[in-house]
Amino acid sequence: MNGTEGPYFYIPMLNTTGVVRSPYEYPQYYLVNPAAYAVLGAYMFFLILVGFPINFLTLYVTIEHKKLRTPLNYILLNLAVADLFMVFGGFTTTIYTSMHGYFVLGRLGCNVEGFSATLGGEIALWSLVVLAIERWVVVCKPISNFRFGENHAIMGVAFTWFMAAACAVPPLFGWSRYIPEGMQCSCGIDYYTRAEGFNNESFVIYMFTCHFCIPLMVVFFCYGRLVCAVKEAAAAQQESETTQRAEREVTRMVIIMVVSFLVSWVPYASVAWYIFTHQGSEFGPLFMTIPAFFAKSSSIYNPMIYICMNKQFRHCMITTLCCGKNPFEEEEGASSTASKTEASSVSSSSVSPA
C-alpha cells in the first residue's frame, strides 16, 4: 500500500519518515505547499460568492412571478435548492477547513460535508433524469394524451430526493463511510480502503451502478429518442414553427445542463473508480482534489444556463432586479413572446414524431 490508513482516514503518503498525522488533528502541509490550501479556500469563497446569489435569485424570482410556477420549473427549482444545500452544507465547511490546512471540524464535520456534497450532486443527477423523461414523454409522446402536470412534477421532485438520500445516507450508518480525501480538507465516500465492518466494496459498486451508470443510461436513451423525434417532426412539418422553436429551446437548455453535469462530475467519478479498482496504488493528493473541487463548480452552472437560455425567466429576473421595470422591455418582451419556454405551453403544444 502506498498510503497510510488510520481510524476514519487515508493519507496518500507512506509514513516512512513519521510525518503523517491524522487529518482531524494536524495541518497537512507536508502533503502539498501551504499556498495550495489558500488557493483552495479562495476558490471555495468564489463558489460561495457566485453560487449563493445566483441560486437564491432563481428561487426568489420564481416565487415572485406566478407565471414562472410551472411544472417543468419545479424540477429546475429543485436543482437550485440542491445547489444551495451544497453551498451551505459543503462549501462553507470546506472554506473553513482549508483555512486551517486540515479537517478541523472532526468526524461530525466530515460527515456533514461529505453528505451535503453527495446529496447535492445526486439530486442534480436525478433531476436531470426527471427532466430527460419529461422531455421524452412530452416530445415523443410514448403515452398518448399525457400532459406533464403539477402532480407529476411534485412526484418527480420527491423521487429525486428519495434516490439522492438512498446514496448519501448509508455511509452515515455504516455502509461505507465519509473520510477526508485529496488534500484532506474535504470529505467523500471511502473509495480508498477495504476497512473491516464498512463493506466499502459493495457500496461503491452499488453507487456507481444505481446512482451513476443507470441514470446516465436513462438520460442518453431519452435524448437519443428525442433528437430523432424532433428531426422527424421538423421534416414532416407536423407542428407550427413557433411550437417547434419552443420545443427546441427547452430541449437545448436541458441538454446543455446534462453536458455541464457530465463535464463537472465525470472526471471525479472516473478518478474515484480508478482509485477503487487500484487500491494501494500510488497517487498524490492533487489527483483527487482537482476533480473533486471541479465537480463542486456544478452548483453555479445550472442557474446560469437557466438564466441565459430561458428568455421568460430572464425577463422576470431583470424586472425583479430593476424594481419592477425592465429597461430592455421591448427586446426581452418580444423574444419572450416569440419563443415562450413555459412548461405549460410546451406540454400543450409539443412536437410529435412522424
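Cβ atoms here come from the backbone N, Cα and C positions, even for glycine.
Between Cys187 and the candidates Cys110, Cys140, Cys308, Cys316, Swiss-Prot annotates a single disulfide bond, the one to Cys110. Both Ile143 and Cys316 carry the same topological domain label in Swiss-Prot, so the record keeps them on one side of the membrane. Only residues 6 or more beyond the boundaries of the transmembrane segment (37-61), in the same chain, are considered here, and those with a CB under 8 A from a CB of the stretch are 29, 68, 76-77, 80-81, 83-84, 86-87, 91-92, 94-95, 98-99, 101, 183, 185, 289, 293, 296-297, 299-300, 303-304, 306-307, 313, 316-317, 320. Cys187 (disulfide bond) sits 12 Å from Lys296 (N6-(retinylidene)lysine), taking the C-alpha atoms as the reference points. If you draw a 10 Å sphere around the CB of Cys187 (disulfide bond), it holds 34 other CB atoms from the protein chains shown.
The transmembrane segment (287-308) is in contact with the transmembrane segment (74-96), judged by 3+ CB-CB distances under 8 Å for residue pairs 6 or more apart in sequence. Within 10 Å of the C-beta of Lys296 (N6-(retinylidene)lysine) we count 24 further C-beta atoms, all protein chains included. Beyond its flanks by at least six residues, the transmembrane segment (253-274) meets 79, 121, 124-125, 128, 131-132, 135, 188-189, 191, 204, 208, 212, 216, 219, 223, 287-288, 291-292, 294-295, 297-298, 301-302, 305-306, 309-310, 341 of its own chain at Cβ-Cβ distances under 8 Å. In the three-state DSSP scheme, Lys296 (N6-(retinylidene)lysine) is classed as helix.
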